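K.L.:
Input: one structure, supplied below.
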Amino acid sequence: MALSLESTSFPMLAVSRSTASELPGGFNVSHNSSWTGPTDPSSLQDLVATGVIGAVLSTMGVVGVVGNVYTLVVMCRFLRASASMYVYVVNLALADLLYLLSIPFIVATYVTKDWHFGDVGCRVLFSLDFLTMHASIFTLTIMSSERYAAVLRPLDTVQRSKGYRKLLALGTWLLALLLTLPMMLAIRLVRRGSKSLCLPAWGPRAHRTYLTLLFGTSIVGPGLVIGLLYIRLARAYWLSQQASFKQTRRLPNPRVLYLILGIVLLFWACFLPFWLWQLLAQYHQAMPLTPETARIINYLTACLTYGNSCINPFLYTLLTKNYREYLRGRQRSLGSSCRGPGSAGSFLSSRVHLQQDSGRSLSSNSQQATETLVLSPVPPNGAFV
């Protein structure tokens with residue numbers, strides 16, 4: 001998904017300046033810079049760069065596909081429970097897997113410097129980039145809001161069933177597809193001499209507007225929402241820490257929140273350079289860069305976006321591991337409190353007084369009970385719920 005400076009498209013293909021100059025009316029299409037395929041002769045430096053990028057992407061593809069398939073198998077095996085985290089992790093792993101499956105087409109285009117997959121390939125592979133990118137960030141936004149609700153408004157999450165969460169996950173894919181449809185319909189295969197290029201049917205202004213819109217829906221909008229949620233969570237945890245210290249209560253473990261935030265930050269770190277590169281090509285076309293430099297930047301941004309999907313499975317494993325430990329601790333604590341005298345009264349009282357007027361300090365008993373109601377019991381052998 002890394003376009004060249006001159007071509008303003010996305011998935012990854014490395015288009016050179018000469019390719020851009022061939023487009024009608026000087027249209028600076030950054031369409032999958034590499035998807036379109038460069039036309040200038042290959043130098044030794046270009047051959048070495050192509051070989052290195054092909055090897056790196058192939059390695060990323062193998063590692064990422066194995067990791068995400070493993071995640072999907074494990075998550076689907078234990079998806080019988082209504083644990084929200086597992087429903088969303090399945091969606092993230094599926095998006096990563098679909099994105100990684102485009103690597104063979106990218107590598108083939110890099111090596112041959114031509115597009116061999118026809119008009120349907122243009123539409124599917126170009127659209128797949130935007131589809132999976134939006135599905136991932138939308139799912140991460142929902143996960144952040146779920147954790148926010150579980151910490152600050154746990155009673156609101158009790159009524160949310162597994163079916164509700166699956167519907168929400170389906171909605172993220174439908175919204176991502178809706179945002180991707182314009183590219184799917186506009187992209188087409190064009191012959192330029194002996195080369196095949198994937199180009200949009202619309203003009204440069206429409207293309208720039210569309211890419212700017214997608215930057216807003218994939219980076220800016222979700223970033224503002226997630227940032228606001230974590231700022232409020234940080235404030236709530238700080239207030240809760242003060243209250244917990246005074247009342248000698250133990251704070252809920254925030255490791256799950258940290259891991260979700262880590263996945264979000266990794267997404268931004270990998271995709272923000274790609275988007276800045278694309279928008280720079282759209283709004284500042286006269287860049288003092290040689291074709292070789294543009295290709296190298298295109299290669300690096302491509303590796304970053306695929307690297308995100310390659311690293312994510314390891315973070316998903318840590319996330320689910322910490323989530324299971326978190327639930328076990330909550331259930332053990334709840335079980336011991338329920339066995340004590342008057343536990344029912346104290347539980348109901350804690351639910352009523354979950355959010356205190358002094359700044360929403362967290363009630364550990366209420367949160368424990370809510371997590372147990374929302375999630376099925378964790379078996380003693382450590383299986384996923």
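Positions of Cβ are set from backbone N, Cα and C atoms, glycine also.
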K.L.:
Pick from C122, C303: which cysteine does Swiss-Prot list as forming a disulfide with C198?
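P.N.:
Partner cysteine, according to Swiss-Prot: C122.
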K.L.:
On the same side of the membrane, R77 and A149, at least as Swiss-Prot annotates them?
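P.N.:
Domain labels match for R77 and A149 in Swiss-Prot.
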K.L.:
Give the one range among 87-112, 124-145, 209-231, 258-283 whose Cβ atoms make the most pairs under 8 Å with those of the transmembrane segment (54-76).
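P.N.:
When the Cβ pairs under 8 Å are tallied, 87-112 comes out ahead.
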K.L.:
Determine, from DSSP, whether C122 (disulfide bond) sits in helix, strand or coil.
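P.N.:
Once the DSSP labels are grouped into three classes, C122 (disulfide bond) ends up as helix.
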K.L.:
Return the count of C-beta atoms lying within 10 angstroms of the C-beta of C122 (disulfide bond), excluding that atom itself.
P.N.:
27
K.L.:
Measure from the Cβ of C198 (disulfide bond) and count the other Cβ atoms within 10 Å, all protein chains considered.
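P.N.:
The Cβ of C198 (disulfide bond) has 29 Cβ neighbours within 10 Å.
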K.L.:
Given the cut-off of 8 Å on Cβ pairs that are 6 or more apart in sequence, determine whether the transmembrane segment (124-145) and the transmembrane segment (299-320) share at least 3 such pairs.
P.N.:
no
